[in-house]
Each structure stands twice: as C-alpha cells, then as structure tokens.
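> Straight from Swiss-Prot, here's the annotation block:
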type	residues	note
DOMAIN	1-145	domain 'Clp R'
REGION	4-69	region 'Repeat 1'
REGION	81-145	region 'Repeat 2'
REGION	158-339	region 'NBD1'
BINDING	Gly205, Glu206, Pro207, Gly208, Val209, Gly210, Lys211, Thr212	ATP 1 binding site
REGION	340-545	region 'Linker'
COILED	390-524	coiled coil
REGION	555-769	region 'NBD2'
BINDING	Gly605, Pro606, Thr607, Gly608, Val609, Gly610, Lys611, Thr612	ATP 2 binding site
REGION	770-866	region 'C-terminal'
Amino acid sequence: MEKFSDAVSEALEKAFELAKSSKHTYVTENHLLLALLENTESLFYLVIKDIHGNPGLLNTAVKDALSREPTVVEGEVDPKPSPGLQTLLRDAKQEAKTLGDEYISGDHLLLAFWSSNKEPFNSWKQTTKVSFKDLKNLITKIRRGNRMDSPSAESNFQGLEKYCKNLTALAREGKLDPVIGRDEEIRRTIQVLSRRTKNNPMLIGEPGVGKTAIAEGLALRLIQGDVPESLKGKQLYVLDMGALIAGAKYRGEFEERLKSVLKDVESGDGEHIIFIDEVHTLVGAGATDGAMDAANLLKPALARGTLHCIGATTLNEYQKYIEKDAALERRFQPIFVTEPSLEDAVFILRGLREKYEIFHGVRITEGALNAAVLLSYRYIPDRFLPDKAIDLIDEAASLIRMQIGSLPLPIDEKERELAALIVKQEAIKREQSPSYQEEADAMQKSIDALREELASLRLGWDEEKKLISGLKEKKNSLESMKFSEEEAERVADYNRVAELRYSLIPQLEEEIKQDEASLNQRDNRLLQEEVDERLIAQVVANWTGIPVQKMLEGEAEKLLILEESLEERVVGQPFAVSAVSDSIRAARVGLNDPQRPLGVFLFLGPTGVGKTELAKALADLLFNKEEAMVRFDMSEYMEKHSISKLIGSSPGYVGYEEGGSLSEALRRRPYSVVLFDEIEKADKEVLNILLQVFDDGILTDGKKRKVNCKNALFIMTSNIGSPELADYCSKKGSELTKEAILSVVSPVLKRYLSPEFMNRIDEILPFVPLTKEDIVKIVGIQMRRIAQRLKARRINLSWDDSVILFLSEQGYDSAFGARPLKRLIQQKVVILLSKALLKGDIKPDTSIELTMAKEVLVFKKVETPS
C-alpha cells in the first residue's frame, strides 16, 4: 500500500469527491491537480508560487479541461482511478524513492506532473520557463535536507512563510503605521539584539502602550538601514500563534510545526528575528500528558543565541507565567514600556493623523487630538494611552465618514415635508369641497417651491461629495508618492527622488490646499468633514455615559448657579447645598486632588429632610439621570462577612467570579454618585474597606484588581445625633451656624465612627429640621411634578393658594420631615385625579384647577383661553 502525506491523502479524497459530484466515470490527474491547487497551504502550491508561476491561470485551465470530460446522465457514479492517474502516482513514488522519502508528498507529485507532459499542465509549464532540473534544485533548497518521514512532515516545510508574517516586507510595502516617540525603547531593543548571547529583548508593558508598535518601528528601521551594521539586512517575522495551533489535531503536530519555524530561523545564520506577541501563551502550549510545552522547545536556542527573539507581554502575565519559569525568564532581557505622558501621546497622534485622514477621507483638527488624549485620560481610566486616544480618533472619523455617505438632515427633512404635502393634496382632491380648486392650487405652489429647494440642496450635496471624494483620492495619491520617494531614496534613484520631492509632491499638496479652501468657502455646508473636539467629546459620552460634551458647551455658567438648581429640589438645607456645589465646581475645573475621589460627604440629620433627595438631585444634574446614583442600604451590611457583597468573594468561595456590587458598579461607571444610606448600621469591618477608597481613590476587589474610584462622588447619610440636633435647632431658631450644630452632634458621632474614618471625610454636613415655610415650598415642588405628568396627557393642572396652605398644614410633622407630606399628596391629590381620569370626568385637551370647598379638596374645569 502506498504511503501518502496528509496533504496528498486529503487531495486524493477531494479528487474522488469532485469526480463523483461531476458525474465523471474516472478520477483523472486533472481532478487531483485541481484538488492540490485548492489547498493554498500545501507544499505543491508553495513551490508553484516560488517559481513565480500563476496558480490562478492553471486553476482556470484545469476547470475548463474537466468541463469537457464525458459525464454519466443517470444513476449513481463510482469513479475509478484513470490509467493516467495511476501512472502519475507511480512516477511520484519513484521521485520519493530517489529523494529517500518514506511518504509521497506534494513536491513529488509536482515533479511527476512536470515530467508527464499532460495537458493543460504542460502548456502552463511552458509559461514558467523553469526546467525539471531547476525545479528539483528549488525543492531541495526548500527542504533544507529534511525528509518525508511522517504523514505530517509536509506541513513542516517553509515554517517561517506558513506560520509567520514578514514585518520587514510589510514595512517595505508601506503597510505599517509610522512609529512615533518610542526611540528610546527601540534603541534599547537594538542594543539587546546586538549582544552575543541571550540577545532576546522582552517588551513588558500594559495593554495599549505600544509594545507591538516598537517591533513595527524596528522593522521600519531595518528597511531604512537605520540600525547597527550587525543588524543590517536582517528580516523581522511575527509568529502567528493562531496559524501554528490551528489544525494541529494529533499529539506532537504542534511541536513539529514550531520546530520547523525554529529550524528555519536557525538555518538563516542569524538573518531572521522572530517577534512573539503575547509570549506568555507559549508557556504550557502543546503540553498534554507529560509532553514538552512550546517554551521548553525555545530555551536551548535562546540560550545559545542562535534564535533572535523579541517577546511582548503584559506585566501581569509576565509575573504569572514567565517569572515562574526561571530558566525561561533568564533567557530574556526585560525592557519596560511605560505609558506615554499626555504630551507624548499628542505627539504620537500627530504622527498618525495623516494615515487616519487618508483612510476615512476627513480632516482631523489639532483640537481633536488634544481632546482625544485629555478626555480619554480623564474619563477612560481602565485603558492606556496612546491606544485609547487612537481609538477615539478612529471612531470619531468613522462617524463623520458614515455621515458623509448618508442623506444630510436638511434634505431628509425637506423630503418628509414634501411627502406630507403630496398626501395632503391627494386628500383635498378627494373631498371636492367648494374651495377645492383654490386649496389645490395653493398646495401645488408649495410643492413646486419645495421641489425646487430640494433640487438645489441635492445639487449642493453632490458637489460637496465630489469635492470630498476628490480630496480623499488626492491624499491617497500624495501618500503613494511619499512612499515612492522613500523607496527611490533607498535604492539610490536620485533622479526619481528629485522629481517627486521638488515637482510632483509640492504640486499635489498645492492642489489639496486649494480644494480644502474652496470646500471651506462654501455657504450652507451640508456635510461635516472635520473631526473636532466636540465630536471627540460625543464619542466619549457614547462610550462612558458621561455627558462630557456638556462641559465643552459652556457648562461653566451652569456650575456657577449650581446652588439655585439644587434648591429647586432640596429645600431648607443651605449648608449642604453650598458645600456640595463648591466641591463639584473644584472637581469640574480640575483643581481638586487628583488622587482622591471627587468628594466624600456625610449628611447628618433626621429622617425626611432631603438627604437622599440631594444625592438624587446631584446625580441628575451631573449625569442627566437619577439612575447614575448607586445606592447601598447599609442595614444589609451589618455582619463582617457582608464585605464580600461589596468587593466580591475571596478565591475559593462561592460567587468569586461574580465580583462585588460596589467594585463592579464603579468599574462599569467610574463617574457615579455613590450613596451609602444609614452608614451607622454597617459593621465596622465594612467601614474599614472604605478607608482606602476615601483616602487614595482605589478599591481592591476580591480578585486583587484595582478599581479607580477617583471620579466618583461618595455620600453617606446617617441619623446619628438627630434628637440632639432637633433639640438644638428648636432652641436656637434661625440663629444657626454649621459649626455650632456640629459641636452638638460630634460627641455622639464619635461613639459610632472611628477617628481614622471621620478623618477621611471631606465635610460633615448637618441637615436641619424643616420649617413650615420649607414645607410650603416642597408642596409647590410636588404639585409641579404632578402637573408635569398630566401635561404628557394634554391636561393642564393649576391650583390656588388654599390648596397649598391645606396640604402644608396637614402634611407638616417636625419629627418626620417631608415624608408624611408626600403620602398626603398621594392620598388627597393623586388618588382624586386618577379616579376622575378613569371615570372620564377629566379628558385630554382640558384645563382643571384644584381648590378647597368646605375643607375638602376638589377640582373644577377651567375654560382654556382661545
């Protein structure tokens, strides 16, 4: 029985299937040839590519030849190998024997085809102008002395080409982005690579700081010759772990593939450098039932210095995987890649701007680059520069690109208006009213005018699109010219360099300037093709849910009147409103301590005076919705073990993977108002967890991950000292000061809270009991809310002073604050109106007024002024 390699066995099976599906009686050499050509990873296909043949041309010719084969019209077909195929396989077996191989592989079949003179292969062979002897020499060169001694041996040839990407080739073709501002790290990498032994740099840094970019920067320097003499002419390859592992079905197959890559690198006499991204994935890869993992295969070559390797991994993975394997760790030289500063990140973005402008066909302003860095640094704390800033620029540019391809809003609105007018015109025609003709004529005039306006808008839109499209094409041409200039300079074609640098490139740059000027001078622009800071803010807002763009639109004015905005909802608490407003203003302009939370407040006071309401009002004002407030009822945290609810369970306990309610809430929404309700009810061990949060703005969860709390506002509420506070306020009346109130409450507070906990609170804010005047204001606020809800049903609600007086007198209770008032309004007003709505006494498009009749609350309909 013949021994075939896996690739040839697969090709023979495909050939039989192809003959059967095509209703052919014989499996011919052309069926096999087509099956071999379809496997682009096979040795057969790779050799054809190496001789600069055109596989596509041969594929077409073979399909054409097979279409002329005789077919069976009816019944099932069981195709048999043709005599030609049997001869071909015998010839391939002879070639294998000549080369000393046990298995017939793709290169043996290619040699057999070459000597067979079968059509259409023979005609295609003539186009390559390669002799049988040249082909055999090429195969010997590719094999590098290896033998076909296993079914999978064929997949191990040309390991570099199969399982690696040539970064220097990509750099030469201009497919890599420019690398800006990493000169020191690239120099350090070159220095380590130039060592005699252990010449293997390990790039260690957080995700997104630019480790892969350093490898790309080295590739760019290699093609420019900007490296020491010892590295000139070397090729940099990046190992594709996915390709290496994919399809390795049998034990040992993965190791064979990796060994083939290492053998190719070592046989290159130091001309090849391998870059392994996420190098920690090699530790343990392929190790099953005592088999060696990939890292152990690398160690001997790394130690000898015959393998030049650059690794890249994050600090966490380095500690978790590489440091544990001391033998592997000592073979690499660590190079720490830090996150760039804000200035360096802007510098990097400037270098990449042109690439993104050309790709998206937009313009990116300097302000957009600065905003991308600053806003990503401030509002996306769990990712790293420059990656997060680049992502912002990319997404903002793609948003503009999408808008350019969509119908502009003014045209869309006019088209909708036109459609509505045409529908109305048809309705008038059907009515045939006395004034029908007059109305129809007037309608037609409006339609004609609108159509004319639409035609003008569409013409302007088309012109703008043409200008923008033309600009994109010219910028693409400019990039191609600059790349051609660099290429010509590398090969010392100075005539071409001079032509491009001093003639063609300046001319095209001038044309681009003129087109941009004519685009900017257009009146009533329909398309925006500029990425600015407002758009970047919009993208940040979409990502994080934080209304960042409001700050750019002049939120400063709003912040100056923050007290007034809060007092519309929280009545009678001037101390708390003023202190919280000052803290938020300082945070918004960036003058607060960046290493601490935005604010840590303790609201002290009796029930129903507005402590929770102020927290809700802050969330609404800062983030446009009350849901941005994360609330924790501390009566649920009265046991020591309830700490795990906040930060997550420790390893080995149930719920470890779920995370904690506080840590996960702040990880998902770092900009939040966090409310700890009734803080005195929590266990002291639970409060100790908050010490680190309030002091450093950091929370360490059950998985030892650091959660950034620096952008959250922490509010605690408590009823501690409420009797003393109420008693003091009733005695002093209106002569109250914050310091005096705190002097009364502090002794009681110290019995519940530890000194170190109290020391980390920014401000303790007393909430005083509500007066009758405060209750009157609260009644007005509550009634306006009810009126707002009715307005959505097209019902206008009003009330007279007697209603306010009645509700404030009935709902006032100094011990319980405003909560009894809310219940009273629910019973007296909401229930009254809901019954009337259900009975049909109140209908949409009506106005009603609440008033008092013999100590009873009633409503009456009011005529709406015409």
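Heads up, the Cβ atoms here are built off N, Cα and C, so glycines get one too.
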> Cβ pairs under 8 Å with the region 'Repeat 1' (4-69): which stretch of 81-145, 158-339, 340-545, 555-769, 770-866 has the most?
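Against the region 'Repeat 1' (4-69), the leading stretch is 81-145.
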> So which of the binding-site residues is most packed in, judged by how many other Cβ atoms lie within 10 Å of its Cβ, out of Val209, Val609?
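Within the set of binding-site residues, the most crowded position is Val609.
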> Using DSSP, what is the helix/strand/coil residue split across the region 'Repeat 2' (81-145)?
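Taking the region 'Repeat 2' (81-145) as a whole: 45 helix, 2 strand, 18 coil.
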> Taking every residue in the region 'Repeat 2' (81-145), what is their average pLDDT?
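For the region 'Repeat 2' (81-145), the model's average pLDDT rounds to 75.
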> Counting CB pairs under 8 Å, which listed stretch among 81-145, 555-769, 770-866 touches the region 'NBD1' (158-339) the most?
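Per the Cβ count, the answer is 81-145.
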> Taking the center of the Cβ atoms of Gly205, Glu206, Pro207, Gly208, Val209, Gly210, Lys211, Thr212 at the recorded ATP 1 site, which other residues in this chain have a Cβ no more than 8 Å from that point?
Ala213, Thr314, Val337, Phe384, Asp387
> Could you tell me how many residues in the region 'Repeat 1' (4-69) are helical, how many are strand and how many are coil under DSSP?
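Helix/strand/coil tally for the region 'Repeat 1' (4-69): 47 helix, 4 strand, 15 coil.
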> Can you count the other CB atoms that lie within 10 A of the CB of Glu206 (ATP 1 binding site)?
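There are 17 of them.
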> Which is it, of Gly210, Pro606: the one of these binding-site residues whose Cβ has the most other Cβ atoms within 10 Å?
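Highest number of other Cβ atoms within 10 Å: Gly210.
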> For a quick check of understanding: among the binding-site residues Pro207, Gly208, Gly605, Gly608, Gly610, which residue's Cβ has the most other Cβ atoms within 10 Å?
Gly605
> Taking Cα atoms as reference points, rank the binding-site residues Pro207, Gly210, Lys211, Thr212 by distance from Val609 (ATP 2 binding site) and give the first.
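Smallest Cα separation from Val609 (ATP 2 binding site) among Pro207, Gly210, Lys211, Thr212: Pro207.
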> What same-chain residues, at least 6 away in sequence, bring their CB to under 8 Å of the CB of Gly205 (ATP 1 binding site)?
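Gly205 (ATP 1 binding site) has long-range Cβ partners Lys211, Thr314, Leu315, Phe336, Val337, Thr338, Glu339.
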> Between the Cα atoms of Pro207 (ATP 1 binding site) and Thr612 (ATP 2 binding site), what distance do you get, rounded to the nearest Å?
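Per the Cα atoms, Pro207 (ATP 1 binding site) and Thr612 (ATP 2 binding site) stand 40 Å apart.
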> Could you measure between Gly605 (ATP 2 binding site) and Gly208 (ATP 1 binding site) for me? Cα positions, answer in whole angstrom.
48
